[in-house]
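Colleague: Take a look at what TrEMBL says about it:
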DOMAIN    G:11-162  domain 'PurE'
BINDING   G:Ser19, G:Asp22, G:Arg49  substrate binding site
Protein chains: 8
Amino acid sequence: MPMSKNPSKTPIVGIVMGSNSDWDTMQHAAQMLEQFGITHEAKVLSAHRMPDDMFQYAEQASKRGLQAIIAGAGGAAHLPGMLASKTIVPVYGVPVASKYLRGEDSLYSIVQMPKGIPVATFAIGEAGAANAALHVIANLALHDAALATQLEAFRAQQTDAARSMNLPGY
Amino acid sequence: MPMSKNPSKTPIVGIVMGSNSDWDTMQHAAQMLEQFGITHEAKVLSAHRMPDDMFQYAEQASKRGLQAIIAGAGGAAHLPGMLASKTIVPVYGVPVASKYLRGEDSLYSIVQMPKGIPVATFAIGEAGAANAALHVIANLALHDAALATQLEAFRAQQTDAARSMNLPGY
Amino acid sequence: MPMSKNPSKTPIVGIVMGSNSDWDTMQHAAQMLEQFGITHEAKVLSAHRMPDDMFQYAEQASKRGLQAIIAGAGGAAHLPGMLASKTIVPVYGVPVASKYLRGEDSLYSIVQMPKGIPVATFAIGEAGAANAALHVIANLALHDAALATQLEAFRAQQTDAARSMNLPGY
Amino acid sequence: MPMSKNPSKTPIVGIVMGSNSDWDTMQHAAQMLEQFGITHEAKVLSAHRMPDDMFQYAEQASKRGLQAIIAGAGGAAHLPGMLASKTIVPVYGVPVASKYLRGEDSLYSIVQMPKGIPVATFAIGEAGAANAALHVIANLALHDAALATQLEAFRAQQTDAARSMNLPGY
Amino acid sequence: MPMSKNPSKTPIVGIVMGSNSDWDTMQHAAQMLEQFGITHEAKVLSAHRMPDDMFQYAEQASKRGLQAIIAGAGGAAHLPGMLASKTIVPVYGVPVASKYLRGEDSLYSIVQMPKGIPVATFAIGEAGAANAALHVIANLALHDAALATQLEAFRAQQTDAARSMNLPGY
Amino acid sequence: MPMSKNPSKTPIVGIVMGSNSDWDTMQHAAQMLEQFGITHEAKVLSAHRMPDDMFQYAEQASKRGLQAIIAGAGGAAHLPGMLASKTIVPVYGVPVASKYLRGEDSLYSIVQMPKGIPVATFAIGEAGAANAALHVIANLALHDAALATQLEAFRAQQTDAARSMNLPGY
Amino acid sequence: MPMSKNPSKTPIVGIVMGSNSDWDTMQHAAQMLEQFGITHEAKVLSAHRMPDDMFQYAEQASKRGLQAIIAGAGGAAHLPGMLASKTIVPVYGVPVASKYLRGEDSLYSIVQMPKGIPVATFAIGEAGAANAALHVIANLALHDAALATQLEAFRAQQTDAARSMNLPGY
Amino acid sequence: MPMSKNPSKTPIVGIVMGSNSDWDTMQHAAQMLEQFGITHEAKVLSAHRMPDDMFQYAEQASKRGLQAIIAGAGGAAHLPGMLASKTIVPVYGVPVASKYLRGEDSLYSIVQMPKGIPVATFAIGEAGAANAALHVIANLALHDAALATQLEAFRAQQTDAARSMNLPGY
């Protein structure tokens, strides 16, 4: 399974979102994949405004070689669940914060899927986007020793960064 | 626009729901349409387990003569919104009460649609199902004087029934 | 059913709201009707400060030729439900975001109507206002082929706009 | 201000509710008034099914001698607020527990009134109904020394009852 | 019952609040009383930092001639309920918006009183403060024809103000 | 600091609650103290119906030798916070589940105390009652080596009990 | 990667939960894995009562060959997140419904993980448990053509089952 | 038990938090301890990024002489509960406000601990941090007469400060 930062390579992860206004949140998924050298693509794919594109994307996901789809949406967030209904490629959902209900609606719309069609859901906002990518990476790392080592190193650096945090006066 | 209680006639309203467990709720929509003699159909149409059927249903709604689709679903309730994304036939959403969050998740998943694709949403549960039907009937009545008269009579009877409610001892 | 952008024509849609502070939200309904050439009127009609005007408005809605009333209100939002109790003209409710509870109170006050008196409810805020108008347009389009075509075109443009959204670097 | 337990006397407090199903809750208001010998009436007065009766009730409240209206309703509970909009007689609202949202919707619909039209709101359910009556009694007692004495005695008995509560084994 | 704008006169309404930071909200109660010429006092009376003062205030309320206590507090808002436990003078509670939960905690802490000790509760924030005062005024007006006339005029002006609201372009 | 299971000994922990209906919950605190041989008392002490008793209880807590007060209440739960306002003896609050809001109101009313008067809050219901007692025991154990040993043993047994849980078929 | 229904085979998926009372929910994960012939283990592993076992479990997960850990817990549900902090094996969290807050607390405690440590979260209750297993299966199927075929067949059967649902009278 | 502001002295209270971004909140605990001359330490100790450090900290707490651990965290806030699972030293939890859910998630994650492992929880944000420290001080004061006097004085000053608050114009 060749991985590369080169965007011309075939993507193995797709990042999709309901609108380009979701990019502020979803770029945190892209950056994480970039950091780990996972070839990926990112595009707007609105469940409600581009339903046929969405279905086509899901239908082709497997044969295009995607091993994960990270989908972010806000409000009545149907994108992750509908993609999941159309493919057996694992779907990871990111609740984007909505204007008035701060993502509580997005979270419920994504996580409360009925038995039979799973969507792996993460935290509201940028933390969720980054973590969706990290979960995908952890799955890829099960079959890629170098990536596993890289993930272990990332974790260790993260621990070191937390350990070195100082509080003023202490 | 001929209307009839005869179920063999072409339906002008479709009632769809994610599972037959939603029928306890959604039959209140059917009964209301029945009461007003509106030809209709009712069927299970799961957004997540029957996505292609759902899209096909929406695509054919207009040419099949449907003037309204009443869609009920619970939890991450994507059925009303996804139908709406695929047809310009008006979609009416009914939040079915979910097991743990009592329909708060269903309500948010249905009502919080983004700008551009509307779903007319009603109360959680049987009241919402009945009212979705009544709203459809009110729209049909704009073009059917007899139905308007019937709706006025229904309202008047409803008022009379409320007026005649007694409280023990008063 | 003649429609025209000319505001002097008889309106077929009424947009009402509890206060002029709701206009920031409700103008999105007006703009949508304007865009589709639907004659409409917009006015402040407070349920609590103008109850008699409200009842009169509802009582005259049918004979004045209104085919839809779009009502927006915030907090203990009684306007849509009370209008609905006084007319069989279909009422569409828009929860305007409240100062402290961000429209959760408005949403519940509008959507949780009892069986018998329906209010078609849409999302909190401007998306809901625009979508209420689009739902009305969809109902009008059932009886107006040109409007149906216009609505299909609107949808197609909306799809194109979403499709052409780019994400920086992708 | 003569008060009497005799129900044939002119009532000074009106208890109204949206449906006879609210009586389980609202009878706690009636019992409290009964206990204090406050002449009152109780009746179903649905905001949505009997809007004209509701307005008439509010319009006549003052000249009929009502000094308080206790109004209970559930879900999109508009009865207390709409009565308040039509009379300067003080209105006391009781949120009746709703089937799915347990009265959270009723509470918001009643308490979140806009500036200018007050509704004094009490707890969800029977405690709220009893307390609405007690608040009315407290207002009456400002002008009725005997009633004030009776209210003081009620409080003292209540304190005694709480004081005499035993816990098994302690 | 003499009323006067002159603050040296004996107050018949007490406005109390947990901190001077609540004054932004509670001044709306004071302004309303001022506008109607109701003699009143306003002071900080913290349930948690001044419990003895609070009890003393409640104990003396009746003999000092107070006919109403309007109490505002935020978060775990115990002031209204504890005052009510110590006096039969009617207590009106105003939930002040809290920093993180926007007054949802304040509202529950005030409105959910157990059977036996009532607190008349109003909306979160300034609308609630103003309405608490208006409810007190409505009770006073039951025994003061001039005040009743003044309240009717206030309502009429309020209606006129709402009626004269214009929407740009309509 | 002598401790004994003998209830005639001077209690060092007080368990108080708003009503005997709270005993189903609060007995879990008593049982835990009993199990650890901590002398304690338990009694009904209603903030709203017995305010003076409550203040007296708090005022005497320190001189009576109480080292902790565990207070449970539901709804607008003012008991823990008001006790805390009147004593420097540490107060531990237990939100008792309310009928309609399941303790969400109780929790907010107890935990959201303003800066200056602390109430240590625990989970809604029986888990919270037991844990309040355990937290008190942990504080006592700081000064009582035998009790610390007993607490360590309790923890070890708890761990063993969890370890020995079997799942059918595994 | 050999898979077998034989439970003596080395498990590749671990199902853990905070208490045996969670088994009613979590058995739905086990049944799904069983149905797909995925070797797995299931055990109680309480974050709070067995913290060292929990850490050891996580530390050994990778070398023991686990490719996924499905962790269910209720209330302050720390098990999934803490396991995730100690291993790079992907962790899937299932919010078990709590007694009073119906799993809203469980959901927030599991899904709202900070950036850096992901937990893939699923719906509250049995649907979430089953879907966590299905998501794991989907990941395994990326590397196992037979399993992919089996998953496609499962989906097809699920679709057929939904399609064959009848509504009484329709 | 010697106490000193000198930070070189052995701390008897540990303040820990998940990230240095929590310091804005948690410094209010430190300042309170400082004000009372309680030797303490403050450090970042992330449950998810430093799990081993966290366990070690809890394991050594007792032998290091800590009499209290004040732990603050936001979102899926596992730090207080996990520390409590590993030590019998009393743990005090502070819910730090999260970006999107304003600390509602933090509160639930901290307070809803299962029976057996207690975390004493305080209000969301800075009030909670200060009050956690005050609760610790109250426990220390049970065994330190001078500290008790100091706490009484603090309370008295606090009362005086509240009493001297003026409202403009009153």
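Backbone N, Cα and C atoms are what each Cβ position is placed from, and that goes for glycine too.
Explain the structural surroundings of these features, please.
Modeller: Sequence-distant contacts (6 or more apart, same chain, Cβ under 8 Å) of G:Ser19 (substrate binding site) comprise G:Val44, G:Ser46.
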Colleague: What kind of secondary structure is G:Asp22 (substrate binding site) part of, going by DSSP in three states?
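Modeller: Helix, per DSSP.
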Colleague: With H, G and I counted as helix, E and B as strand and the rest as coil, say where DSSP puts G:Arg49 (substrate binding site).
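Modeller: Once the DSSP labels are grouped into three classes, G:Arg49 (substrate binding site) ends up as coil.
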Colleague: Among residues G:Ser19, G:Asp22, G:Arg49 annotated as binding substrate, what is the maximum Cα-Cα distance? Answer in Å.
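Modeller: Of all Cα pairs among the recorded substrate binders, the widest measures 15 Å.
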Colleague: Given a separation of at least six residues and a C-beta threshold under 8 Å, show me what packs close to G:Asp22 (substrate binding site) in the same chain.
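Modeller: Listed in sequence order: G:Val44, G:Gly72, G:Ala73, G:Gly74, G:Val96.
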Colleague: Given binding-site residues G:Ser19, G:Asp22, G:Arg49, which are under 8 Å from chain F when comparing Cβ atoms?
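Modeller: The binding-site residues close to chain F are G:Ser19, G:Arg49.
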